[in-house]
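Asker: This is the structure I want to talk about, given as structure tokens.
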Number of protein chains: 2
Amino acid sequence: MTVTTPAGFRSAGITVGLKSTGKPDLALVVNDGPAPASAVVFTSNRAQANPILWSRKVAQNGPARAVILNSGGANCFTGDFGYETTRLTAEAVAHELAAQATGEEQVPADTVEEGAERVLVCSTGLIGTGDQAFRDKIVTNVPVLVSALAADDTTAPAAILTTDSVEKTAIHEGTGWTIGAMAKGAGMLAPGLATMLVVITTDALLDSDELDAALRRATAVSFDRLDSDGCMSTNDQVTLLASGSSGVAPEENEFAAALAGVCDSLAAQLQADAEGASHDIDIEVRGAASVEDALEVGRSVARNNLFKAAIFGNDPNWGRVLAAIGTTDAAFDPYAVDVSFNGVRLCHAGAPDRPIDECDLTPRKTHVEIELFAGSFAATVRTNDLTHDYVHENSAYSS
Amino acid sequence: MTVTTPAGFRSAGITVGLKSTGKPDLALVVNDGPAPASAVVFTSNRAQANPILWSRKVAQNGPARAVILNSGGANCFTGDFGYETTRLTAEAVAHELAAQATGEEQVPADTVEEGAERVLVCSTGLIGTGDQAFRDKIVTNVPVLVSALAADDTTAPAAILTTDSVEKTAIHEGTGWTIGAMAKGAGMLAPGLATMLVVITTDALLDSDELDAALRRATAVSFDRLDSDGCMSTNDQVTLLASGSSGVAPEENEFAAALAGVCDSLAAQLQADAEGASHDIDIEVRGAASVEDALEVGRSVARNNLFKAAIFGNDPNWGRVLAAIGTTDAAFDPYAVDVSFNGVRLCHAGAPDRPIDECDLTPRKTHVEIELFAGSFAATVRTNDLTHDYVHENSAYSS
């Protein structure tokens with residue numbers, strides 16, 4: 001169990017034929033708790049998919065009741081028809097949840113309409129996919145999905161995957177309350193969120209403002225510091241739902257730290273499963289004049305293709321690190337910087353230091369440390385190497 | 001002949017053993033004209049190689065007399081020793097030119113020192129390379145290089161190449177005056193200049209201010225719009241030398257247009273020889289609210305690895321274009337944009353348009369047109385695709 005580990009939630013995952021592989025592709029998480037609250041963070045890309053446009057409105061309407069997620073199609077740049085598909089999907093969920101609750105198949109139209117305004121929608125897959133067949137497969141199968149909802153469900157995490165090779169889940173056990181989470185994402189990982197969909201649930205008793213503050217703090221230091229390939233998605237959404245079912249109101253900082261831990265775990269899982277990667281690279285920037293400077297420096301390296309290709313070749317090419325960070329506006333002297341790979345300082349004070357053959361880059365886990373000597377702030381940016389498999393996976397299929 | 005096509009110049013290229021391949025690696029261009037003038041544009045990277053640090057000072061000292069260029073080592077982040085190597089290189093050139101002019105091997109120390117301050121130095125190759133052996137090979141061979149200088153030389157262009165597969169040269173014939181040029185560059189191609197060294201000569205009669213204005217105009221619309229892999233170099237330098245030997249002072253706009261044409265030709269040659277590329281992609285952005293917006297939009301696509309990998313796979317993935325441009329601050333409505341590949345409009349008004357199988361991406365030359373419907377400005381950014389060969393070349397060797 002993941003998103004149903006906290007009390008007050010049901011979930012389900014089914015197969016409706018959106019993926020050519022025949023794998024599960026439609027998931028639903030429902031908040032049945034006595035004190036529902038929610039917070040959502042969206043992609044900062046201006047090119048936004050229809051489910052993002054819809055969910056942004058839902059997020060304004062008060063606590064979300066449910067989130068439905070499909071893989072196998074992004075429903076992005078699919079025109080007015082695509083937006084209508086999203087609305088019909090949310091209405092179908094609202095209808096079926098109401099019918100299930102009352103035992104009556106007939107549900108008043110205004111109940112459906114109002115209920116739909118509390119249903120978040122997430123989609124992931126190929127941009128431009130969202131035709132009549134896509135709509136029909138989702139909308140006509142919502143009754144099956146709702147009837148599959150269970151408080152001990154284990155099927156939802158698989159149904160949101162695309163090119164992911166493994167399910168990503170995380171759980172935190174608090175004192176009398178818990179957090180559960182599931183995520184998908186294996187490419188287009190960039191700050192401002194990635195091609196990731198994340199649903200996090202908790203039975204803690206917190207209001208939506210408290211959830212929102214904690215979620216923004218957590219994503220800022222986890223998903224926003226993951227930059228696998230520099231490409232920002234149109235469909236990213238991180239949803240946090242609280243049921244209040246535990247009756248326990250955790251201290252604000254305790255909950256925020258726990259949530260940050262869950263998000264950090266998911267971010268590490270996303271990094272470890274990035275498309276085609278052979279190295280998970282943590283770029284630790286120290287001695288920065290500000291956190292912002294540390295992040296700018298870290299991201300300039302994370303997005304440098306020559307650096308990323310060198311790591312693939314197990315080449316600790318510190319010159320490419322310096323060439324990358326020299327493009328930033330961060331405060332530091334390029335000739336005073338130290339650069340270490342996996343603990344071996346290869347560049348010191350603008351000149352070569354230890355011999356590069358002392359550095360072993362064969363382990364998948366790679367640590368690059370950049371000491372700027374410009375202040376006392378630090379940040380770590382996660383990225384991956386640039387590999388033949390990355391090129392293959394992103395050229396041989398459309399996504 | 002290239003840089004010696006204009007009257008008043010001599011050049012030479014020799015082999016001194018800097019490259020493991022044994023190919024030519026040291027070149028010299030000398031301005032013997034009656035009215036020498038010069039202009040130089042440098043990399044905007046803050047991480048700058050020793051020859052850049054040296055040449056920036058030279059550029060302040062009045063018209064440059066000569067430019068010496070080596071491949072096989074960048075002399076970047078090589079400490080004070082590396083800077084001293086650059087100074088000794090320039091002094092050796094000054095000494096030998098003075099000795100050649102007077103026929104006396106003894107040259108006064110102040111003549112050498114003052115002469116060196118008119119000698120530009122360019123280096124290209126692996127960052128961190130610049131030890132005693134590197135210095136010795138260059139400095140001890142300067143006499144050989146100077147004695148090889150010829151007004152009908154054809155050997156200089158080959159001596160500046162690194163991973164380039166072909167020499168890059170361009171010539172413009174004006175009315176009574178000419179421009180000649182040579183360039184190297186096959187990777188790290190990015191705005192603010194690329195891993196490129198360029199020497200342009202002219203026998204037109206122009207002063208250094210006129211050259212500088214024309215050179216900045218020309219590079220802004222040529223090299224600065226070439227973004228092969230988003231990686232900015234530490235060693236880029238574009239040098240323009242005028243001899244005045246023709247005695248003809250061309251009209252300012254006529255010369256500027258000719259120079260822009262030469263630079264555009266070289267930029268196209270750099271694009272066509274980019275490391276591992278299988279497609280030369282021209283991203284034409286139209287209907288922008290400003291040229292700056294058009295460039296920002298074009299560059300966001302040029303730097304999107306998912307887009308570049310798709311082109312390698314002959315996949316006209318317009319969704320990745322929209323996902324890329326949605327990250328910019330340029331003025332446009334993402335849902336009003338048209339995207340065409342090789343003349344086929346695949347996306348119109350936020351939805352799919354023509355079927356993608358109408359679009360043939362098998363030719364190397366690829367044209368992506370993005371109509372923003374936000375104004376009347378346009379710009380084209382040149383880039384390349386992301387290929388297995390790119391990953392191989394940049395991981396299997398250190399540069």
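Glycine is treated like the rest: Cβ placed from N, Cα and C.
All TrEMBL annotations are machine predictions without curation.
Predicted, not measured: the structure shown is a model, and the values here were computed from it.
Feature table excerpt (TrEMBL):
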- B:T162, B:K184, B:T195, B:E275, B:N394, B:S399: substrate binding site (BINDING)
- B:T195: active site, nucleophile (ACT_SITE)
Asker: Checking interface proximity: list the binding-site residues among B:T162, B:K184, B:N394 whose CB sits under 8 Å from a chain A CB, in sequence order.
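Answerer: Contact set vs A: B:N394.
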Asker: Is B:N394 (substrate binding site) helix, strand or coil when read with DSSP?
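Answerer: Helix, per DSSP.
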Asker: Drop a 10 Å sphere on every Cβ of the binding-site residues B:T162, B:N394 and tell me which sphere holds the fewest other Cβ atoms.
Answerer: B:T162
Asker: Around the C-beta of B:E275 (substrate binding site), how many further C-beta atoms are within 10 angstroms, looking at every protein chain?
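Answerer: A count of 27.
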Asker: How many neighbouring Cβ atoms, not counting its own, are there within 10 Å of the Cβ of B:K184 (substrate binding site)?
Answerer: 27
Asker: Under DSSP, is B:K184 (substrate binding site) helix, strand or coil?
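Answerer: For B:K184 (substrate binding site) - judged by DSSP and reduced to three states - the answer is strand.
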Asker: Using DSSP, would you call B:T162 (substrate binding site) helix, strand or coil?
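Answerer: DSSP call for B:T162 (substrate binding site): coil, neither helix nor strand.
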